[in-house]
Amino acid sequence: MADDPSAADRNVEIWKIKKLIKSLEAARGNGTSMISLIIPPKDQISRVAKMLADEFGTASNIKSRVNRLSVLGAITSVQQRLKLYNKVPPNGLVVYCGTIVTEEGKEKKVNIDFEPFKPINTSLYLCDNKFHTEALTALLSDDSKFGFIVIDGSGALFGTLQGNTREVLHKFTVDLPKKHGRGGQSALRFARLRMEKRHNYVRKVAETAVQLFISGDKVNVAGLVLAGSADFKTELSQSDMFDQRLQSKVLKLVDISYGGENGFNQAIELSTEVLSNVKFIQEKKLIGRYFGEISQDTGKYCFGVEDTLKALEMGAVEILIVYENLDIMRYVLHCQGTEEEKILYLTPEQEKDKSHFTDKETGQEHELIESMPLLEWFANNYKKFGATLEIVTDKSQEGSQFVKGFGGIGGILRYRVDFQGMEYQGGDDEFFDLDDY
C-alpha cells in the first residue's frame, strides 16, 4: 500500500491510535476522576507541573470523599508520569490517567502516556467521567499531504493540502508572447521564439516542483494534482523534464477557470473525491499485487495463520498483510506438567472450546501467561522479522476477497517457499486450529 517503509510504519501507528481511541472512548468512571492532558510541542513541562499543583489544591476542596480521593489520586498519577520527561517531546505529549469501571463493575487504574506520531497542536486539561479523545481523532483525519501545481499562461502556483489546511509554497508569474498573425517573413521566427519561451516556462515549473515536492530523494506528498486552464498541465505531465518520481504520483489533471490562488481553491474542490480515495487505491494496488503472485503461482506468497507465521520465523516475509478487524487471539499458555510454553491462535468460535486450554492427558488446566489480539502482537513485533506491516480494510472488492477467501492474513514473500514440503521445526509447541479457513 505504501511505497516506502516509513509510510507503512505510519499506517501501523495510525492503527494503534485508532485502537487506543476506541478503548478510551468506551471507558467510563465514577465521578470526575478521569484526566485528559495534552501538551503541545513547544510547551514547558514546568508550566504544566505548576498547573497540576494548583489543580491539586483546588481538588482538595471537593465535598465528596470518594470523588476527592480518586481525583487527587489521578492528579498524582499524572504528576508522576510527567516526571519521566525532562522536556516535551518534539510531537507533543498525550497523557490519560484515571480510575475506570470495568464491565464486571470493578475499578481499574489506567495510566497512558505517549508521544503522537505527528505534532499535536492542541492544549487540553480536563477532569471528567470520560476520556476526551477529540484531539486524537482530529490527528488521524488529516494525515495525508497532497501537492498541487496550478499552471496557466500567466504563471504557476505550488501548494499543499493537508486535511483542511492549505498552504501556498511558491508562486511566480510569467509573460509569454501571444499568438499573432503579424511578422511577415519573421512569422516563423516569432512562432519559434514563442515555443522556446513556453518550453523554458514548463522546464522552470518542472524544476521548481522537484525542489518543493522532493526532499531527501523521496517524494514528500501522498499524491499530486496538476491544474490549469490551458494545455500546460498536460504538456507538463507528459514532458521528459518532469521528474519520473513526481510523474508516478500524479493523481488527476484538473481543468479550472482561473489561475493563482482562486485556481488553487477550485482545484481542491474538483479533486476532493480523488484525494479521499488515495488510501483506497493504494490498498487495491497492494492486494492486487498479492493476488498477482498467487495467480502466477510464483510461490512468493503465504496465507493463513500457520504458513504466515512459518514464513515470518524464516524472515521470508517482505510485506505482511492483515485485515484491520482480524478476530484471532494469540494465547501463551504454561503447561503445568511439562513446564513448557504453548502458543495458541484461536478465533472467537474456537475460544469457546475449553479443551484447547487443558492438558489432554492429565485434564489439568494450563496457566494463562498472556493473551492479546494477533494483529496487536504483529503491530508490536513485525520489525523483528524484517517485514513491513500493512493493515487493510474490507471496503474495496479486493480487500473483501482477501478477508473472505484468505482469512484476512497473508504475506508477499522475498523468495519462493514450499510450505507443503516443509515440516515445521517447532514440534508440538504451537497449535493452529484452522478449520474456519
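Any Cβ shown, glycine's included, is placed from N, Cα and C.
The structure displayed is predicted, hence computed values, not measured ones.
Feature list (source: Swiss-Prot):
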type	residues	note
MOD_RES	A2	N-acetylalanine
MOTIF	61-64	motif 'NIKS motif'
MOD_RES	K63	4-hydroxylysine
CROSSLNK	K87	SUMO2 cross-link
MOD_RES	Q185	N5-methylglutamine
MOD_RES	T347	phosphothreonine
CROSSLNK	K404	SUMO2 cross-link
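Positions of the features from Swiss-Prot, shown on the structure.
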| residue | record | Cβ neighbours (10 Å) |
| --- | --- | --- |
| K63 | 4-hydroxylysine | 6 |
| K87 | SUMO2 cross-link | 11 |
| Q185 | N5-methylglutamine | 6 |
| T347 | phosphothreonine | 19 |
| K404 | SUMO2 cross-link | 11 |
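Spatially, by CA atoms, the recorded positions K63, Q185, T347, K404 include one closest to K87 (SUMO2 cross-link), and that is K63.
Each residue in the motif 'NIKS motif' (61-64) has a pLDDT score, and their mean in this model is 83. Mapped onto DSSP classes, the motif 'NIKS motif' (61-64) shows 0 helix, 0 strand, 4 coil. Candidate recorded positions: K63, T347, K404. Nearest to Q185 (N5-methylglutamine) by Cα distance: K404.
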